[in-house]
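Visitor: Once you've had a glance at the structure underneath, I'll fire off some questions.
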Amino acid sequence: MYSPDTTKYLIHLILQIEGVVDKPDVVGAIFGQTEGLLGEDLDLRDLQRTGRVGRIDVQITTKRGETKGVILISSSLDRAETALLASSLETIDRVGPCTAHVRVDRIEDIRVTKRRKIVERAKELLLEDFDEGSINSDDLLDEVREAIRIEKLEYLGEEKVHAGPNVIDSDAIIIVEGRADVINLLRYGIKNAVAVEGTNVPRIIIDLCSQKTATTLLDGDRGGELILRELLQVAEIDFVAYSPRGKSVEEMSRKEIVKALRNKVPAVGIIDQPPAEENVERLPPSAAPAEVRAPAGAGRTSEGERPPRREWDSKPPSTLGEHMADVRDKKIARFLSPDYTVLLESNATDVEGALQNLNGDVEGLVVDRIIDQKLLDQLGGRDIEFVAARDFKGIIKRPLSIRLIKIG
């Protein structure tokens with residue numbers, strides 16, 4: 001029996017018949033008119049019987065009294081024998097009662113076709129599959145380091161909260177929301193983080209806060225706000241830090257984490273807020289070198305004179321805490337850019353007028369005065385991210401986009 005796996009060549013023949021015939025007529029003519037033509041060794045019936053020639057595939061169509069089509073014959077003979085067999089088929093001149101013309105179109109080398117397909121497929125595999133699976137030494141190192149960091153995780157208390165390896169021995173701890181936050185801090189060498197893992201604060205965290213300096217680093221979303229509110233009620237929190245708006249702690253880069261921790265604010269400024277204003281949010285701090293610049297005509301007093309330009313004793317304030325300390329009890333206001341540069345400094349009583357003269361992005365306001373609902377509404381119209389003020393009175397409706405912090 002012939003096996004397709006042994007095929008070397010495929011003979012393509014073109015057939016034209018002057019009349020109407022069927023496939024069996026064509027097959028019969030092939031066997032009948034080639035019998036004994038090439039001797040016993042190349043007899044078509046014997047070649048099929050021994051599996052050296054495959055089945056004869058006839059494909060014909062009849063139209064207007066004529067029959068046309070192709071004949072395909074697979075062969076495992078060598079090149080010379082296959083060529084001889086193909087040429088013998090061109091001697092067929094009749095099919096049934098009809099005149100026929102048979103011509104060899106081509107002899108296809110199956111192995112060449114297979115090799116071509118193999119090469120094309122190899123190109124596809126090289127471009128597609130190997131692209132994603134390429135070996136990157138940095139990725140391998142990161143994967144190993146990640147596994148080591150996870151191994152360093154500890155479980156504290158009866159609640160088995162996730163914590164870094166230095167939480168017990170360190171004088172200060174950083175309270176985050178979940179396990180992924182602890183791992184991210186470990187990634188950057190911060191080993192004293194502990195996860196609160198929900199609004200139900202574990203007993204071990206309450207105990208740690210009473211013994212150590214506690215700083216919260218929570219997501220700047222509603223969930224982080226609720227967790228902070230719970231922590232402030234049940235634990236002794238010393239400082240509060242926030243992730244950038246719209247970003248969770250587990251997504252923060254090293255620079256963002258360091259900046260947030262460096263700009264932490266005392267928790268007392270949050271704890272002392274009046275109960276009627278519990279919905280006041282806190283500022284998500286950031287930091288950068290400060291540089292004073294003001295638009296022309298901005299920040300003048302009611303008499304039309306510009307307040308004297310401040311000269312700092314050393315370097316300009318670059319963090320929220322420094323700005324808050326600098327304006328405290330001085331009756332001044334500062335509008336800050338996203339990198340905490342001073343855009344404009346004015347009298348605290350002239351915030352409304354200065355606001356009209358500001359151009360560009362204003363990140364926040366630090367002011368030594370009481371903020372009321374009317375002024376807060378005006379600030380909300382400027383897409384200001386935060387307001388730090390001496391106090392907040394009569395706040396009934398706070399713009400959701402503004403976070404408020406009280407200067408202690």
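Positions of Cβ are set from backbone N, Cα and C atoms, glycine also.
What Swiss-Prot shows for this protein is this:
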type	residues	note
DOMAIN	171-250	domain 'Toprim'
BINDING	Glu177, Asp219	Mg(2+) 1 binding site
BINDING	Asp219, Asp221	Mg(2+) 2 binding site
REGION	276-323	region 'Disordered'
COMPBIAS	284-298	compositional bias 'Low complexity'
COMPBIAS	302-314	compositional bias 'Basic and acidic residues'
Visitor: Can you tell me how far the Cα of Asp221 (Mg(2+) 2 binding site) sits from the Cα of Glu177 (Mg(2+) 1 binding site), in Å?
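Guide: With the alpha carbons as reference points, the distance is 12 Å.
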Visitor: Of Glu177, Asp219, Asp221, the binding-site residues given in the record, which has the fewest other CB atoms within 10 A of its CB?
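Guide: Relative to the other binding-site residues in Glu177, Asp219, Asp221, Asp221 has the fewest Cβ atoms within 10 Å.
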Visitor: On the DSSP side of things, how many residues of the domain 'Toprim' (171-250) fall into helix, strand and coil, could you say?
Guide: 33 helix, 18 strand, 29 coil
Visitor: For the domain 'Toprim' (171-250), provide the mean pLDDT of the predicted model.
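Guide: Over the domain 'Toprim' (171-250), the predicted model scores a mean pLDDT of 88.
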